């Protein structure tokens, strides 16, 4: 230090500012500029510090709480909605049932437009008179089904950025409003292009898929986050039941319920408006519920706290502790960039995408095939009958996931086809993995086993066109239920493979990559399925086998491709499962 000078305070500096500067100096010793150091410490204080060779520990201990208090003010900033919710969660240790109920309703209303479309899509395209012949209906129907997923693929990342910057609640409200507006307009569509545009805009503006998962984990205490995430999943499972029922039973109401709806009414002139209107009414109720949804994003701007943090950051660069933190951050950044080079992860994501392509194409083909005419080897079902089959399948999958699947998973190690894996690995036990996921580390054997069953089951579908009456309805319901159960099991197995292929702190980014790629495949699937279905109906005879059998054979080929990807050298088992 230079020669001692008369002590004086910085020009116009209040006592609180001096205390904060001293607190920062106490935390990071010997980093203040010399002139500033001499101006804030008295001659006696400097002598004591120099004699000891380091900063006075007692003064550091006395000044350090000022920084802690500043951070506390940041964490509990008045007017910040995220801080307000954190304070509420600190004071209330119970489960926030009301907030969880709002989350569940919002997720349900966002998922219903997806599931309600398929029972009546064939009839809607037919009535829009865009197809020149009946065999072309599937071709045009595929693009309507793909429009929603294409819009969601484009907007998924921007909506995530919007939710991180402006809050989760605005994103949720805009998404629900888009359901109200564009789902209603879709039901009022009078032309094919109006249906395409409204469906695409619905997918583009309904950006709730990612933000609602973040919201469900932030609206509650940490110990209730698993329950919040499970509500998002369960609401979509319920949509598998309610959606097809709404679409199947409420489409064409003037024909099905002539005593209640006349041909001259709006529901007679727009036969597919009623299911869309009912869903829009439910969405309007969910939008009202959003009034009571608390915002979870922290939004504050404290200049004093930011100045302290900036000074801390500048001083911290030269300390060993912060060098380690910086190195750790650099490692995390490099690790994130290397996710795409993680072959274990990418092979699992590829499996997931292929199976998602197959499942979405199956749903499109099944809905078109079931309602098509017998002369094209269809089942001649009504939209009501298709809705019933899909609703029963959805309910069966829900029961399977809640009751049967946990029991199956518990004893999976005893099932011969599932080769046992090291399920007792300590790394797995200490990750946020449920008992179901833990026992189900017999993947990818689960993928292989259930995909083989799915292929065999799907091969029987063309022959069901030879059945009639009760026998047909019983068998098609059983087949559809089993097919959806196999698909649910494969999806869970793929999710386990993805999550065990990366460290816990990278799972958010890994799942983001997975959802984006999966949405692309789901956008392609309906269009490709519609084209395949139209071609099969045009070539029902004249080839070495009927066109409907070729259709399901081509669908099975996607499963075979997925099946082949579960073997080496393509597939790489995550180290946690070895």
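Glycine too: its Cβ is placed from the backbone N, Cα and C atoms.
All TrEMBL annotations are machine predictions without curation.
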Given 49-69, 70-90, 196-216, which one carries TrEMBL's transmembrane segment label? 196-216
Does the chain bring the transmembrane segment (550-571) near the transmembrane segment (345-369), so that three or more CB pairs sit under 8 Å (pairs 6 or more apart in sequence)? yes
Listed stretch, out of 100-125, 228-252, 272-294, 475-497, that has the most CB pairs under 8 angstroms to the transmembrane segment (196-216): 100-125
Counting CB pairs under 8 Å, which listed stretch among 100-125, 137-159, 272-294, 345-369, 475-497 touches the transmembrane segment (228-252) the most? 100-125
With pairs fewer than 6 apart in sequence excluded, do the transmembrane segment (475-497) and the transmembrane segment (345-369) have three or more C-beta pairs that lie under 8 Å? yes
Test the contact criterion for the transmembrane segment (100-125) and the transmembrane segment (509-535): 3 or more CB pairs under 8 Å, pairs 6 or more apart in sequence, then answer yes or no. no
Folded-back contacts onto the transmembrane segment (137-159), same chain, C-beta under 8 angstroms, at least six residues removed: 113-114, 117-118, 121-122, 124-126, 130-131, 171, 175, 192, 195-197, 199-211, 360, 364, 368, 372, 515-516, 519-520, 522-534, 537
